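Going by TrEMBL, these are the annotated features:
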- B:4-119: domain 'Semialdehyde dehydrogenase NAD-binding' (DOMAIN)
- B:THR11, B:GLY12, B:LEU13, B:VAL14, B:LYS39, B:SER40, B:SER158, B:GLY159, B:ASN316: NADP(+) binding site (BINDING)
- B:ARG99: phosphate binding site (BINDING)
- B:CYS128: active site, acyl-thioester intermediate (ACT_SITE)
- B:GLN155, B:ARG235: substrate binding site (BINDING)
- B:HIS242: active site, proton acceptor (ACT_SITE)
Protein chains: 2
Amino acid sequence: MSFKLGVVGATGLVGGKILEVLEERNITPQELYLLTTKKSAGLPLYFKGTKIFTREIDVELFSKLDYILFAVGGDVSEEFAPKAVQAGATVIDNSSRFRMAPHVPLVVPEVNPETAKEHQGIIANPNCSTIQLVVPLKYIDDEFGVKRVIVSTYQAVSGSGKAAMKELRKNAALQLAGYYEDTERKAYPKNIEFNCLPHVDDFTESGLTKEELKMINETRKIISPNIKISPTCVRVPVVNGHSEAVTIETEENNINPEKVREVLKTGAGIVVNDNLGENDYPTAIDCDDSDQIYVGRIRKDPTLTNGINLWIVADNLRKGAATNAVQILEYLLQT
Amino acid sequence: MSFKLGVVGATGLVGGKILEVLEERNITPQELYLLTTKKSAGLPLYFKGTKIFTREIDVELFSKLDYILFAVGGDVSEEFAPKAVQAGATVIDNSSRFRMAPHVPLVVPEVNPETAKEHQGIIANPNCSTIQLVVPLKYIDDEFGVKRVIVSTYQAVSGSGKAAMKELRKNAALQLAGYYEDTERKAYPKNIEFNCLPHVDDFTESGLTKEELKMINETRKIISPNIKISPTCVRVPVVNGHSEAVTIETEENNINPEKVREVLKTGAGIVVNDNLGENDYPTAIDCDDSDQIYVGRIRKDPTLTNGINLWIVADNLRKGAATNAVQILEYLLQT
């Protein structure tokens, strides 16, 4: 199918990964426009060996495009996504801005691809920490019924953008060289290097952070409003790749690790790495630059007959953002 | 009270902290013997400005001592602690070797000091991740009744000893300088720098690690066998200081954060840092070299009326090991 594509935020971390994933999956738009804010316009980027200069976001251009992937902050999406829709394009938006809007499908292709068809111009890509949770959760829900989930995250700084990655590396290097007093904090309110902050996105009146509320609300929208989620979101000094320690209470009693392992092994998008005798469990570094979701440490919750504990890892920039958006695009192109 | 003290493992991380804490608390033994394995014998250490040379562990010496603090691995404790008891000394052992033995008190002075009196020669110091959990848990249990605890840990490498601290720093420095291929792994089966490993101590047949089993069994021995614990223990690239994300289900319904905050604020050994508007929550770096246990992010579990979530941080070498052992010694000296 011939189509014209725009990528808004092409010079950002997720934008760059979108170009990589499009290329790897051999998706070839008839025309490709790489759009950015004014500051980053005019830069040369490469797609399949061809140099393409970035252009400033241009509402006039939107009418030439069939699909536009937005990989920018909520403010920019809020301003331009509706204009793109008005101009006739379909938007796949990576920001949190439209995710909970009633008429916007929130799509993880392994979980609820068919909801994408109900879009009214905008389809939302879920939050990174939600995506890697809901894929295994959906398979477990289908088989055993999920009642309640307690999740603690170990989230990489790449989720905060390029400046945060630099801040971690630079501050760590300064500390190791003996210049702790010269470390600077801009990305986070406290030093992240050699530290863990129970603080991802802003705090809200409820005592939960926005990140924690996203995990709760998005998971319910994607799988079922009956699932209860109790999250703690923590930023850790990892460059890329989110990990999650997850406790799941199921409808079915006498759930056991073998059954869960079998279900997950056959699930699209999942790799089970779970052989403790060989220290086989996933970690952030192992999963860097992969499109899969990795699950390990699948074990009985020692406190419940209907409980299972597991450890989930994924590349938050790929499956947690860019890859998921491109998978949605693929689905739309195929249907 | 006049007493003679031995510290076994005086050149180790915890041994060194024991000397610091003894000095800070102005505890002055009539005689102090610093004992080590053969390898570390003959080294000069300082206590209150006096140089003391370390000596190889010597069974003959035990009969001269009233108290011996063991800060060594389980094998060394297993060999020498019973001999120390035979020689008439009282042992406070930091290893896991005797913790679950029926006649060995497992003591956290804020929680169950009186059990120390029942010793038959050996008193065990609990595991670091257990100590910082049971102090707030005990206060919450007394007030609201604790039924079930789900805990995910964020454990620093100092818990694995000096070599692991060096490995983290050295590997991180090599990576930041572009020499990833020269990083070496000895302390852990996978790189710990910029990574999180859901693997603390050895795996067991149950699918749980020994560290996770310690949290379960020790918490039950210290507070109550009725408390159910579901732990995930994770090593993170933090030099010193353990953090824990904790979900607590209580007997009492309608528990709320204000009540919990009030209870914890008055609890000995606890500091509540919980003002989200000012980004006031504890982190490992903030708590380094402190003897207190820090609690923040106290909030309602959004999935239960009888649930509370919180974030606990402590210096695992101080309150998690050395300080707790010295507090036990103080208690014995006072009673």
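The chain as shown is numbered from 1 upward.
For all residues, glycine too, the Cβ spot is worked out from N, Cα and C.
Those TrEMBL annotations? Automatic predictions, nothing curated.
Of all the binding-site residues listed here (B:THR11, B:GLN155, B:SER158, B:ASN316), it is B:THR11 whose C-beta has the fewest other C-beta atoms within 10 angstroms. Residues within less than 8 Å, Cβ to Cβ, of B:LEU13 (NADP(+) binding site) and separated from it by at least 6 positions along the same chain comprise B:SER158, B:GLY161, B:LYS162, B:MET165, B:LEU317. Here the candidates are the binding-site residues B:ARG99, B:GLN155, B:ARG235, and by Cα distance the one nearest B:ASN316 (NADP(+) binding site) turns out to be B:GLN155. Among the recorded positions listed here, namely B:ARG99, B:CYS128, B:ARG235, B:CYS128 has its C-alpha nearest to that of B:THR11 (NADP(+) binding site). Using a 10 Å Cα-Cα cut-off around the residue listed as 'active site, acyl-thioester intermediate', the recorded positions B:LYS39, B:ARG235, B:HIS242 reduce to B:HIS242.
Put simply, B:HIS242 (active site, proton acceptor) is 21 Å from B:ARG99 (phosphate binding site) when counted between their Cα atoms. Ranking the recorded positions B:ARG235, B:HIS242 by the number of CB atoms within 10 A of their own CB puts B:HIS242 at the top. DSSP assigns B:ARG235 (substrate binding site) to a strand segment in the three-state reduction. Taken residue by residue, the domain 'Semialdehyde dehydrogenase NAD-binding' (B:4-119) breaks down under DSSP into 38 helix, 30 strand, 48 coil.
Distance from the CA of the residue listed as 'active site, proton acceptor' to the CA of B:GLN155 (substrate binding site) is 4 Å. Looking only at other Cβ atoms within 10 Å, the busiest spot among the binding-site residues B:LYS39, B:ARG99 turns out to be B:ARG99. When the Cα positions of B:THR11, B:GLY12, B:LEU13, B:VAL14, B:LYS39, B:SER40, B:SER158, B:GLY159, B:ASN316 are compared pair by pair, the longest gap among these NADP(+)-binding residues is 26 Å. On the backbone, the CA of B:ARG235 (substrate binding site) and the CA of B:HIS242 (active site, proton acceptor) stand 9 Å apart.
B:HIS242 (active site, proton acceptor) sits 30 Å from B:LYS39 (NADP(+) binding site), taking the Cα positions as reference.
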